[in-house]
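Taken verbatim from TrEMBL:
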ACT_SITE  166  active site, proton acceptor
BINDING   53, 72, 121, 122, 123, 170, 171, 184  ATP binding site
CROSSLNK  168  SUMO2 cross-link
DOMAIN    43-293  domain 'Protein kinase'
Ligand code: AMP
């Protein structure tokens, strides 16, 4: 018989998720009449939120519950043309199983003849990238808050053996209170050794071991948030150069220079993250306890989220 939509693609039976908020959301989102699958007719479509490579994202509302979401519409033809069906499937499965206040939720998905629809958490304050363009830099308070949020979100990912690999302002959205939401499909999966070592993303955030195409592990994410911390405070990434080759060269040398205006506490944190040797990078738990982060972070958790589990 037909079951309510489920995000499990691999077919293994999973119990319902543990968080109360999740139960509620699943009820809101999955309780279509006769438990049929969701379709586009279940939504009222609002303004476009943005354009992506494979389709557009719209503000949308479930007709039944009035629940607001971001609906990402991907065209099957484009995904097939690029041979990304399997990757999309795997990425949906991973993101759907990540439930954390600083990771954009993927609630569900459905498809019709031409399109795949992803039902995503709506991030009301949009892209961190745009905020950075507008204000050039972020202050210590906002940056330290983002560092704590990302360290917590990545701890959660790494426990689940998920490496992100692609943290950068373009991939971070902002929630209602300005809290950061990791939001992209650059998710890298479980076993890095089985992964093709593909190069993607901005050169500025590439860790040395990825440039040198060595095997890498979750410590690539420590490098990336070090680069991010620098860019948010300074206004440009630490190894930015006129040419690709020069950027590579500076990353491999870890040619790190701080503007004197950069607070010493932040310099200390960044220099402990941007280490050539992955094992020497400051672990996530110590980022959260770093004196500069503790002094400036104003993290608030949404009330519905319980940090247990
Ligand atoms: P993407 O295809 O994921 O790059 O999305 C294209 C653009 O849509 C992004 O750069 C954002 O500006 C916007 N966008 C995507 N997802 C969301 C969301 N969940 N909430 C708000 N804006 C979004």
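Placed from the backbone N, Cα and C atoms, the Cβ positions cover glycine too.
Remember, predicted model here, so these are calculated numbers, not experimental data.
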Near ligand 1, which of the recorded positions 122, 123, 166, 168, 170, 171 have CB less than 6 Å from any of its atoms? 122, 123
Binding-site residues 72, 121, 122, 123, 184: which have a Cα within 10 Å of residue 166 (active site, proton acceptor)? 184
According to DSSP, collapsed to three classes, what secondary structure does residue 72 (ATP binding site) have? strand
Largest separation between Cα atoms (Å) of residues that the record links to ATP, namely 53, 72, 121, 122, 123, 170, 171, 184: 19
Just to be sure I understand the packing, how many Cβ atoms besides its own are within 10 Å of the Cβ of residue 72 (ATP binding site)? 23
Ten-angstrom check, please: count other Cβ atoms within 10 Å of the Cβ of residue 168 (SUMO2 cross-link), all chains counted. 20
Which ones in the same chain are close to residue 53 (ATP binding site), with CB under 8 Å and 6+ residues apart in sequence? 78
Cβ-Cβ distance under 8 Å to residue 170 (ATP binding site), same chain, at least six residues away: 127, 129, 184, 202
From the Cα of residue 168 (SUMO2 cross-link) across to the Cα of residue 123 (ATP binding site), what is the distance in angstrom? 16
For residue 184 (ATP binding site), the number of neighbouring Cβ atoms whose distance to its own Cβ is within 10 Å equals 18
Lowest 10 Å Cβ neighbour count of the recorded positions 121, 166 is held by 121
